[in-house]
Amino acid sequence: YFAHLGCGTLAVLEQNEAGIVLLRSFDWNDGLFDVTWSENNEHVLITSSGDGSLQIWDTAKTKGPLQVYKEHTQEAYSVDWSQTRGEQLVVSGSWDQTAKLWDPAVGKSLCTFKGHEGVIYSTIWSPHIPGCFASASGDQTLRIWDVKAPGVKLVIPAHQAEILSCDWCKYDENLLVTGAVDCSLKGWDLRNIRQPVFILLGHTYAIRRVKFSPFHATLLASCSYDFTVRFWDFSKPNPLLETVEHHTEFTCGLDLSLHNRGQV
C-alpha cells in the first residue's frame, strides 16, 4: 500500500526491564527519512521527510507536530542537531542539493548552503568545532561548511561513487569517515585531503550509514544494503572486527549508544 498512502511513522521507544517498549508513536503524511534528538530538551526531536519538510515533535504530547518547517523543494533526507555547547542549531540536507541551517526557536531557516551538484544524503555537525558541519552527496564529494562564512570551506572528492553517509571522529577534530556506493569506507584528515588515512573494504553493496564510536578513537560501525552491520578498528592490520548478519533486508541506519559502551 505504500505507493498509495505513502505515510510515515515516528516511533519513540524506551528500554526498561521488560525490554524495548513503544512509548509514543506519531504519524506523518509522507515518509520519514531521518531523526535527531534535541540537545536541550529530552522530550523534543526533529524528523525530516519525503515532502521536503522538517517536523518538531514533543514526546510529552500525544498529538503533534509542534512545528513544521517547509522550505526544501525535494526530499529532506538528513537532519542533525548540534552537540557543541552554547549552540542550538539544526542542519538539514536535501535532494534539492542544498543544506539549510535552523534555530528551532525561529520559524524559518537562518541560511541555505549551496554548492553540491548532486543530492545531499547526509549532514553531520562536528562534535568539536562550533558552527561546522560536513555533508555527503551523490556528486561524489564530502564538503565541510562553516555557518559563519558563506560558501563551502573544503571540497573533498572522496569517492568515485555516490557518498551516502559521513561521520566525524569523536576524538580527532580533523578526522572524518565516508561510506559510499562503491562499498568502501574511507577516512579523511582535513589537514591533508590528497589521500585517505584509511580505506576499509568488506561490504558487498552500498554502505548506507557509518558512525564513529563515542568511546574508542579508532572504532567505527557501518551498515549496508548487503544486510550486514560491520564493526571496524582502523588502527589494526586486520581492521574488520565483526560482521553481524541478523537482518534479512537492507540495513539503512545505525547508531552507537552514548551511555552504554556495548550497545548499538
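The backbone N, Cα and C atoms fix where each Cβ goes, and this holds for glycine too.
Predicted automatically and left uncurated, TrEMBL annotations should be read as such.
Note that the structure is predicted; figures quoted are calculated from it, not measured.
Mean pLDDT of the predicted structure over the repeat 'WD' (35-58): 95. The repeat 'WD' annotation in TrEMBL covers 35-58 (among others).
Residues or ranges marked as repeat 'WD' by TrEMBL: 69-103 (among others).
Feature annotation from TrEMBL assigns repeat 'WD' to 113-148 (among others). Across the repeat 'WD' (113-148), the DSSP tally of helix, strand and coil residues reads 0 helix, 18 strand, 18 coil.
What TrEMBL records for 156-192 (among others) is repeat 'WD'. Helix, strand and coil counts from DSSP across the repeat 'WD' (156-192) read 0 helix, 20 strand, 17 coil.
With a threshold of 8 Å between CB atoms, the same-chain residues lying at least 6 positions outside the repeat 'WD' (200-242) that come near it are 162, 164-172, 177-187, 248-258, 261, 264. Summarising the annotation, TrEMBL assigns repeat 'WD' to 200-242 (among others).
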Could you pull out which residues elsewhere in the chain have a CB under 8 Å from any CB of the repeat 'WD' (156-192), counting only those six or more residues past its ends?
118, 121-122, 124-129, 134-138, 140-144, 198-214, 217, 220, 222, 224, 226, 232, 234
For the repeat 'WD' (69-103), sequence-distant contacts whose Cβ falls under 8 Å of one of its Cβ atoms, 6 or more beyond its ends:
33-40, 46-56, 109-114, 116-131, 133, 135, 137, 145, 147
